[in-house]
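These features come from Swiss-Prot:
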- K169: site 'Important for interaction with integrin' (SITE)
- K177: site 'Important for interaction with integrin' (SITE)
- K179: site 'Important for interaction with integrin' (SITE)
- K188: site 'Important for interaction with integrin' (SITE)
- K202: site 'Important for interaction with integrin' (SITE)
Amino acid sequence: MAAVPELTSEMMAYSSNNENDLFFEADGPGNDVKCCCQDLNHSSLVDEGIQLQVSHQLCNKSLRHFVSVIVALEKLKKPCPQVLQEDDLKSIFCYIFEEEPIICKTDADNFMSDAAMQSVDCKLQDISHKYLVLSNSYELRALHLNGENVNKQVVFHMSFVHGDESNNKIPVVLGIKQKNLYLSCVMKDGKPTLQLEKVDPKVYPKRKMEKRFVFNKIEIKNTVEFESSQYPNWYISTSQVEGMPVFLGNTRGGQDITDFTMEFSS
């Protein structure tokens, strides 16, 4: 290869007797050196009058990139005898840059939206006119009320959340107003079970609720059903018997009641 006429002072700064300094003058250590970029186009380097000699002691990707940059700069400084082709630029860039995949991670649970979360307050009655009442801290019961006792019925805070929405199913969560209690569905003794679960008011409700809290609201004429998203074909149900707990059932149109009327509350 033709020797580089003379290294500039900036380039000489890279030359030293330290074994970790890998650049030398053309007349420096000669017998033990070889080019770490053997896959470069040597003929093009000869044509351009560029000689690169590097120690074989260290040859890593960082050095390869550095050498490639110098080669590219030297080639670009000199007038090109022929028109620069696209492949020429491509070969230069291939030595300078390394393609790396960009992995975008999203966390659906932390998804936030600027839009206000939609919610409504409502009261529910089953089609036999039984009201839903909080009988103790963590249990709902269905019973008939009259007079002043009607005020004992619970008011639900129904929020619209993300879920598997379809034409006739709208994902919602049902919390008891002014209490940190939400209806949820869990497996107990091998059977899907409805329960009231206490939550952190600083966190709930949120747009991406855990699936156990989500119900698919299905409107049928003037009534609504609430199907568990966690357990499809299981519905919030009441018994024909007075005062029984509200439960999760898988019988529609039978002895158990799955149809409710909904009254919006201010």
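Positions of Cβ are set from backbone N, Cα and C atoms, glycine also.
DSSP assigns K169 (site 'Important for interaction with integrin') to a strand segment in the three-state reduction.
Considering other CB atoms within 10 Å as the measure, the emptiest surroundings among the recorded sites K169, K177, K188 are those of K188. Set side by side, the recorded sites K179, K202 differ in how many other CB atoms lie within 10 angstroms of their CB, and the most is found at K179. K169 (site 'Important for interaction with integrin') sits 28 Å from K202 (site 'Important for interaction with integrin'), counting Cα to Cα. Secondary structure at K177 (site 'Important for interaction with integrin'), as computed by DSSP, is coil.
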